[in-house]
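Colleague: Sharing a structure below in structure tokens format, with a few things to ask.
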Amino acid sequence: MCGILAVLGVGDVSLAKRSRIIELSRRLRHRGPDWSGIHSFEDCYLAHQRLAIVDPTSGDQPLYNEDKTVVVTVNGEIYNHEELKAKLKSHQFQTGSDCEVIAHLYEEYGEEFVDMLDGMFSFVLLDTRDKSFIAARDAIGICPLYMGWGLDGSVWFSSEMKALSDDCERFISFPPGHLYSSKAGGLRRWYNPPWFSESIPSTPYDPVLIRESFEKAVIKRLMTDVPFGVLLSGGLDSSLVASVVSRHLAEAKVARQWGNQLHTFCIGLKGSPDLKAAKEVADYLGTVHHELHFTVQEGIDALEEVIYHIETYDVTTIRASTPMFLMSRKIKSLGVKMVLSGEGSDEIFGGYLYFHKAPNKKELHEETCRKIKALHLYDCLRANKATSAWGLEARVPFLDKSFINVAMDLDPECKMIRRDLGRIEKWVLRNAFDDEEKPYLPKHILYRQKEQFSDGVGYSWIDGLKDHANAHVSDSMMTNASFVYPDNTPTTKEAYYYRTVFEKFYPKVQKPQRAFNLVVIFRRISSAP
């Protein structure tokens, strides 16, 4: 992952303003420690902090078209850039960067090219010919992007809020699947898949299609010129990612550079469920497995850093982000710069245990849609920022645009948890990879029940966090919580503690993020015993 910062129409072309923007861009350097770049045109500035994954030697940003009238700063990966280049034969590319294709697509197709991109991305593009600009974010919101406004009328974009919080009058989280056009003067949705409609899908379940679509999603994410690995918790999702990579690694270009043996990584308290399950999967697949340990105290000591980097006070996100943050530091120290991870499967296939309460397929489908649309607030935010804090890139094949469209087009009846039919949560996915002749995973792993990430790393982790919060937040503080925090008032001492840490780093955030779960969990039946 890289870090981008764009400031447009600031009305100031002084060296002091340029220096200020460079200073703010440095706040994103953890995301891209390999190189820094900035382009200025009149009172518009595009800055970039690069994490070099594809074409490390010549892919520095910002990137340009042939005559440098179009400038773009990008965070992300464009997996189909070679196919797109084939449509742009009249254009001359200056680098081997997958992201340069964006500047040339804009020249060829105007603002309507975004839906052609297959990848994870956030970008800002400046057309110096008329001083217009566009900004866009990927379909699900894997790559973060914030948009802000200055008192001087300037428009700001950044990968993280820490580069905006001091200089913008207000800012928002840029919505996934949207494009902002200065010409049109507003946001519009570019991602409109069929499953956004109110109609319920009716496509019959095809396990082969599910399996092949997911394998394609994994394989395309092996596009890298640097060492990589897989985050392996031992649960279904990460185990399937590791299994598919193991099967196809020898065929991938990356194997010629870094070898045929996959590296996998897991973290937990000693004796945790994840460590045991991950080792079993790693042994089965024959990976080079790295088992990392942390103590409750080490996790607590990292909490302030975690909240600073992930920029939220959501309790569940912080609990899960802390082990991932610690693991990412260790992984980066081993020379690895990219990992594949298993986020998104539970939202797509109804993998959370409360889905067994779904009264019918309509409500189940609607709930999966809501969960996917909220991913950028929680699991995507965690996976991106906890890894990017150490200059590590996380790729999430379950959130591949094509795979999601296939999975969400299924008749949701097949996703219903039916114990009478032997269908547990995510049966659709488990069954698709249940190959008797050439097993992807051992049966008991393939049908292992889900653990929360923060539980899987060790059950005493949550108790330790609660005890730490109880020592810092008094009963009287909780009594006055609604006066201190009238918006999204914390209801537990743990939530109150995280809120105080967040406010220390981001005191000027006027409309705090919603810290509660945005997803309605079947209101009509949630009170059922």
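Counting starts with 1 at the first residue shown.
Every residue, even glycine, has its Cβ placed from backbone N, Cα and C.
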Colleague: Which one, Ile200, Ile267, Ile307, Ile310, is listed by TrEMBL in the same ATP site as Leu231, Ser341, Gly342?
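Modeller: Record source TrEMBL; matching candidate: Ile267.
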Colleague: How many Å lie between the Cα of Leu231 (ATP binding site) and the Cα of Cys2 (active site, for GATase activity)?
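Modeller: Cα-Cα distance, Leu231 (ATP binding site) to Cys2 (active site, for GATase activity): 20 Å.
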Colleague: For Leu231 (ATP binding site), which DSSP three-state class applies?
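Modeller: Strand, per DSSP.
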Colleague: Determine the minimum-neighbour residue: among Leu231, Ile267, listed as binding-site residues, which Cβ has the fewest other Cβ atoms within 10 angstroms?
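Modeller: Among the binding-site residues Leu231, Ile267, the lowest count of other Cβ atoms within 10 Å belongs to Leu231.
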Colleague: Quick check: in three-state DSSP terms, what is Gly342 (ATP binding site)?
Modeller: coil
Colleague: Within 10 Å of the Cβ of Gly342 (ATP binding site), how many other Cβ atoms can be counted across all chains shown?
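Modeller: So the Cβ neighbour count for Gly342 (ATP binding site) comes to 24.
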Colleague: Compile a sequence-ordered list of residues in the same chain as Glu343 (site 'Important for beta-aspartyl-AMP intermediate formation'), six or more apart from it, whose Cβ lies below 8 A from its Cβ; state 'none' when nothing qualifies.
Modeller: Asp237, Leu375, Asp379, Cys380, Arg382, Ala383, Val396, Phe398, Leu399
Colleague: Taking only the Cα atoms, work out how far Asp98 (L-glutamine binding site) lies from Cys2 (active site, for GATase activity), in Å, as a whole number.
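Modeller: That separation, Cα to Cα, works out to 13 Å.
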